[in-house]
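What TrEMBL says about this protein:
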type: BINDING; residues: B:C79, B:C82, B:H83; note: heme c 1 binding site
type: BINDING; residues: B:C227, B:C230, B:H231; note: heme c 2 binding site
type: DOMAIN; residues: B:210-341; note: domain 'Cytochrome c'
Amino acid sequence: MKKIALILFAAIAVIACDKNDDNETVVENVNFDINFSQNFNGTSITNANFNNVDYTVANGEMISFSRMRYLITDITFTNQAGVSTVVDEYNFVDVGEEIGATIENISLPVGAYTVSARFGFTEADNTTNAYPDLNNASWNVPEPMGGGYHYMQLEGQYINDIGATVGYAYHTISAAQDVMTPEVTREDTSILFTASNIVISNDNNIINVKMNIAEWFNPWNLNERDNGLMGNYDAQIDMNINGQTAFTIE
Amino acid sequence: MFKKGILIILIFTFFSSCNDDEQESYIPTPLAFEAPVLFQQLLPNPSFPADNPQTVEGVSLGRKLFFDKNLSADNTLACAGCHAPNQGFSDQRQFSIGIDGIAGFRNSMPLVNLAFNTRNKFNWDGSASSLEEQILEPVINEIEMHNTWPNAVATLQAQSDYPLLFEQAFGTATISKELATKAIAQFIRTIVSGNSKFDKHLRGEASLTPSEANGFAIFLDEDRGDCFHCHGSDSNPIWSDNDFHNNGLDEEFTDRGLGLITGDPAHFGLFKSPSLRNLAYTAPYMHDGRFETLDDVINHYSEGLVFSETIDPLMKSIAQGGVQLTEADKADLKAFLLSLSDPSLANNPNYQNPN
């Protein structure tokens, strides 16, 4: 009986030792947040800055913001071994309502990562009515305009060429052709953006996704394109080109 | 003797604890929320306040209170007096009349599908941040029920039936304004409208006429109606974004709307987008009921818009007064809008006066 007990004790001790050895190779996890912020050529924009016609776009018009909502999807961290972790399938940011400004308490092993995210949905994910919370936010694109969901709704006022204050609605969607007809087609105009060597550690536990709004208007002539842009294929393609430089990850 | 004493104490303790448990752990019967199929498919589940779950007894009590004129100071006006089931839980008068014969200054809002208002901003001006909070106001509003809550509570407490009904709903016969508003809120959350012709069309049970179908296309077309940005769509069957907009009614504001609550000049003249459900029963229209007919409403968006500093950017072609719909398009848009009306709402037995 004593021998059996001794064998059991020894076995337990060996197993315990093995576990300790494994623990020594495990990298420490750290909790971190992802913040989503907006700026106009470096000047921070929050809802406190709404409705002030204070911002000059590349074409020279002064503009304001009254609504700013956008969608970031497939937020992915890829470690140096090439292993990817999708930390959020999609994040809906509503600056006016202070929704989606932060994704909190993500846990990953410390280390350096390539971080990627996408503005808008890919074609595969841009499925009409697939996301009840986005339906509830009236974020849909009508089927006759291609269906799926908006990528961004940026609205406000600007001073036009004759000095009048006019509204604009810069809405980006999957670029569609032949809208309001049964032959409507659409083209993926989501934008993938990436940053490499983003280090997550106890000293760096906040990742910032920044959108420079000025880039959306560089170049852009609001006098020619200020409203009714969802069904304008060429406008959507130009928005896609401008948006390539709108996002950074730090 | 000592053993007997212990036994008596134990028995006493047992019964005492049983009594305490009965009071503290009283749980009314949970009531499952039945959303229309389309709502289940398209929208998040409604979220009910943690401190006011839906119960059979609570909803029943709330319905009784909703139709009870005793909430008003002179026992002449119930909630239903300005939110009638056969008028889309709204009021066909431009302004509802309070107990002193004084008219309000805004049109009564329909009380339909409010369980799905996840933004939690109620009233035309967003002045209430919960349904329970919204219900507090009309009872004490000087031009509505013109009562005090202590008086209303005392009136209810003196009734023969209410103390028991409150006990069944909330585990206490002591009535309070908090419990009364909770019960009414539970009832209002059960008022669901999701069986219009257009709902049936989406469910494959009915077909739209060519006029209604073209009207829906106009509703969705950015170059014509562009109604969907503020009023939902087949993907958002509440038919409202539950947000606040200045829709070009006035150059100057006699009613500041949301701005009256926030104090922010950028919010002057902004009002909540109402749901487009049941328009057949909820005339007149707009926050001040200025438009008697749907034709008036459509004409406003087509050629009647006026500029003001806070006008919504989605109000296009202001210089021309609007998007200039043809008369045929106007007729089709109207036909579509009327297809969102739900004739089963008015006669739903669950929404009738139980008193």
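Just so it is clear, glycine is given a Cβ too, placed from its N, Cα and C backbone atoms.
Taken as a whole, the domain 'Cytochrome c' (B:210-341) shows an average pLDDT of 97 in this prediction.
All protein chains included, B:H83 (heme c 1 binding site) registers 22 other Cβ atoms within 10 Å of its own Cβ. The residues of the domain 'Cytochrome c' (B:210-341), classed with DSSP into helix (H, G, I), strand (E, B) and coil, number 49 helix, 10 strand, 73 coil. For the heme c 1 site, the Cβ centre of B:C79, B:C82, B:H83 serves as reference, and the other residues of the chain with Cβ at most 8 Å from it are B:F66, B:A78, B:A80, B:G81, B:A84, B:F89, B:D91, B:S96, B:S108, B:L111, B:P138. B:C82 (heme c 1 binding site) and B:C230 (heme c 2 binding site) are 26 Å apart (CA-CA, integer value). The local packing around B:H231 (heme c 2 binding site), expressed as other Cβ atoms within 10 Å of its Cβ over all shown chains, amounts to 22. It is 31 Å from the Cα atom of B:C79 (heme c 1 binding site) to that of B:C227 (heme c 2 binding site). A distance of 24 Å separates the Cα atom of B:C82 (heme c 1 binding site) from that of B:H231 (heme c 2 binding site).
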